[in-house]
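Chemist: Quick one: the structure is below, questions incoming.
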Amino acid sequence: MGRRKKMVERVTMLMNEPTKIRNIGIVAHIDHGKTTLSDNLLAGAGMISKELAGRQLFMDSDEEEQERGITIDSSNVSMVHNFDNEDYLINLIDTPGHVDFGGDVTRAMRAVDGAVVVVDAVEGTMPQTETVLRQALREHVRPVLFVNKVDRLINELKVDSQEMQIRLGKVIDHVNKLIKNMNPEKYKEGWRVDAAAGTVAFGSALYNWAISVPMMKKTGVSFKDVYDYCKAGDMKSLAEKCPLHEAVLDMVIHFLPDPIEAQKDRVKVIWHGDENSEIGTSMTHANADGDLAFMVTDISVDPHAGEVATGRLFSGSFSRGMEVFTSGTAKKSRVQQVSIFMGPERLEVDKIPAGNIAAVTGLKEAIVGSTVTTLDGMEPFESIRHVSEPVVTVAVEAKHTKDLPKLIEVLRQVAKEDPTLQITLDEETGEHLMAGMGELHLEVIAHRIERDKNVEITTSKPIVVYRETIKKKIEPVEGKSPNRHNRFYIYVEPLDLEIVSAIKSGEIHMNLPELERRQKLIDLGMEKEEAKGIVGIFNSNIFIDMTKGIQYLNETMELILDGFEEVMRAGPLTREPVANVKCVLVDAKLHEDAIHRGPAQVIPASRQAIQAGMLMADDTLLEPYQKVFVQVPQLLMGGATKELQGRRGIILNMSTEGDLAIIEARVPVAEMFGFAGEIRSATEGRAMWSTEFGGFDIVPTSIQNDIVGQIRERKGLKKELPKASDFLSI
């Protein structure tokens, strides 16, 4: 126990020296070796025994993770590493690489300042590597590169030492190309990865060795020696001469920024308040004596302590008993415990200063993305944006009726822990619907509900989440209130796709200062008057008021928007969410007496005008797509392409690398169920494949009616398709 106590003392001492702290994430594509790398770094830092590292999967502390052999949640751990005779505190987050858990990566990126990007030397950069790198650069997180599984190049692909260097060079070039395209200004500032400079390390996480140019100078081991050791299968000597943790952690300390350096640059990206205000300055300088500013990036449940909110402390210090505000709620909470992580364990400490990753209990109101502060009314941090959208839904029911109240509570809890999950109650069928990133995501959540929360559940077959949209612009439609005293004239038209993507990426929203929002929309091609008239944005739809001087309109606008939002949540054709629609109010006639223009009159009037308008404008379904990447031996390529095309897939690109064929395709999510088993049998089990979210596209006309019919039947709606006249009161 003595060693552990010493470790805790070192960690608590270093916590107070921001220049000695590095907050880093490890990111990569699935199975490129993130968790094995994390474990060996821990072993090197004396956190777990060296014999067990890599097999223990310390970071995968969840049974589900150990069973599936993949990381599902982001794990936090703190450790100490000595570099140039000085101790440094490294807060490490291991993130999942599976596309269904991309949400965890996005959240982890908010807490860290640097990222070790892990790439498999044999497979090279893969789609998920691009996705995670893009998330890191968007949050201004600086990357360094670790090329893993170098031994496989030598022993499995039998390349010679010259070919090995060429291949490794290609991997580095490709990563730099990605950085340059994703964030040109940071690339110019020197964020490229460069082996000669020392921002790239090569090695094998499993066999616990790594080499970089600074390490070669230090140990005298050359590339040729590495090649010879691998060829001879003598990994042990390599691991003794060039320990993995030393090469990687030295690189992290030398090249990745400390919190003070990082926050100067990052605060303006993730916080839109006044940089010169007291709290703005305090965050930019990671001031431990300033007001508290803490961003929650994860919520988990501890059986003893209750909800634990983990996140990054940008300003101030956390201590027990302090009272704090949480964004979005009016009442204060009292902090109960403050702790840091060591693997899956939390260690309670008295105080945590700015620049650290902290775990806090007592913040009942907090959700992922919350801002926690001692200032009343502080401008919250920008909300965390996820790259994908939920595309698959299952209905969840409790096996035993007595568990129903517990199930409702558990679903609320699960949604709080994982913000990429959407939980809704279907009012008509009474079912609870769970929408997630993919089949695996929902399977894992369902398993956890049963295992951790002890609620037995049954889940329906997965259902695809569709969207409704329109194809053309129509003349204004009149919506009348039930008492006939109020009329609204609204037309709908498709919203420009550039504006849609600006809304989705969070660039345009209603909380922006009006002039700034207006200018951004004009730059994207919207007319000035329209940009001026925006009164509501909901999902990727907007509502514009183009009327002039209508009495009482201001008082009723909120109700008109309620009607608009109701339709956007559930469109007229299939009651699926609506996307990419612009609704424009051009005229209105309102009763002078407020009693005759209440919610029961105004909401139905605006709702019906939009519903009828959408049906007149060719209401159509959009279906979600996934990009599918398949690596397969060239001889078996035919089976793989046939499998993809048989699922309405479009082959976007085919290339070859050695004897491997790499196929890139786009396939509707509806056709992807059961793909794992089928692709295995089509390619004799030799295909490696992965997916990422591929956006939405219009459903082909030939199958549109069938799909609409199936959705309506599932939701208990009438078989006949609705007509515009059904929504207009004559």
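Using the three backbone atoms N, Cα and C, a Cβ is placed for every residue, glycine included.
It should be emphasised that the depicted structure is a prediction, and the values quoted were computed from it without experimental measurement.
Here's the feature list from Swiss-Prot:
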BINDING   28-35, 94-98, 148-151  GTP binding site
DOMAIN    19-228  domain 'tr-type G'
MOD_RES   HIS596  diphthamide
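So where do these features actually land, and what's packed around them?
Modeler: Applying an 8 A CB threshold to same-chain residues 6+ apart, the list for VAL150 (GTP binding site) reads ALA121, MET164, LEU168, PHE202, GLY203, SER204, VAL226, CYS230.
Long-range Cβ neighbours of HIS596 (diphthamide) (same chain, at least 6 residues apart, Cβ-Cβ under 8 Å): ASN483, HIS485, ASN486. Look at HIS596 (diphthamide): DSSP puts it in a helix.
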Chemist: What three-state class does DSSP give VAL150 (GTP binding site)?
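Modeler: In the DSSP reduction, VAL150 (GTP binding site) maps to helix.
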Chemist: Within 10 angstroms of the C-beta of ALA28 (GTP binding site), what count of other C-beta atoms is obtained when all protein chains are considered?
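Modeler: For ALA28 (GTP binding site), the count of other Cβ atoms within 10 Å is 29.
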Chemist: Mean pLDDT across the domain 'tr-type G' (19-228), rounded to an integer, is what?
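Modeler: Across the residues of the domain 'tr-type G' (19-228) the model's pLDDT averages 77 on the 0 to 100 scale.
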